[in-house]
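According to TrEMBL, the protein has these features:
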type: BINDING; residues: Cys327; note: heme binding site
Amino acid sequence: MISLYHIFVLAAAFVLIHLLWVVYRASVSSLAEIPSAGFLASYSRNLWTFPREFRGSITQDLPPLHEKLAEFSFGEAIGAIDAWHDRKELDMVSANDEIATWMPLLTNFPGLFRALSSLRCVLKTTTGCQIPDSRHIQDFRNWAEKACRSALLEKTPYNHNLIQILTRSGLPPNTSLAEAKENLGPGTDTTSATLAHIIWALGHNLQFQERLFQDLQNKNFSSDLSDLEAIPRLRACVKEGIRWTGAAAVMLPRLVPQGGIELHGKFIPEGVILSSSPIWYLRDAIAFPNPKDFDPYRWLTPDGLEISQNQLRDKFYIPFSKGGNTCIGAQ
């Protein structure tokens, strides 16, 4: 009879073998000599943000964002505000957010993740025991699927939420559901992280903060988007905050086509997977001198009255990626 000990030994052996195979592939890959493209590429992009993000104390109140994004995506309140008022976390939201911390494991060791998922299913089937975070994630899925079924009903009033628009446009329900669920996580985490970093940075730059306050005061603290976009100092602050935070470190892989390609003087054979992270561009020392510093003045003319022109800077400013996969957050 296989014991729990044997299962853990087999899992550890699987991880070790897989890790050795990854190291071997990376060492013989044509990408090994290209900076930021080798074995630790998926982790190096995170090393840019972690030291800065966790220095000092930055607290984020996410429930209001979760509530707004839930209503926008599904047309229903998720209950985050009520839980917040009761000084509690909404378990199905916090468990869903926790998945993001496991992304390096999910992307680099998909086999291990599937094995762990299978183990959870076996435990639930044989013992009836369900790990709390698994139960909370299932609660979130049930809530999202209920909202999707409601959106499919003709009698449901049209209220312009994302899942309703997608389903009634003819998109398959499963695809609409996946899009709405995906919108809830990135819509809160990246936005809240960027806002927290900007507020923290302004707190350490009182002179710029005071000038920005005066600009907003001159507009009577208008909430009209056209008025806000007409304030160069505010635009510079937002752009620099997005660049400095680097909240979206995603890497979208591409497969080298038949015949291979030449990249910066190096030949890359066909079949090799290439990927790049926006953080490497946003922290480029040539396009953004002193890239680790929050410096909104890099976007302004010397008098601070206009956004300056800088072709290289603007070319390297790709926090929302490029091309057909540009993040909707760019809007």
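For all residues, glycine too, the Cβ spot is worked out from N, Cα and C.
What you see is a predicted model, and the numbers here were worked out from it, not measured in a lab.
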Cβ neighbour count (within 10 Å, all chains shown) around Cys327 (heme binding site): 15
Secondary structure at the residue listed as 'heme binding site', reduced by DSSP to three states: coil
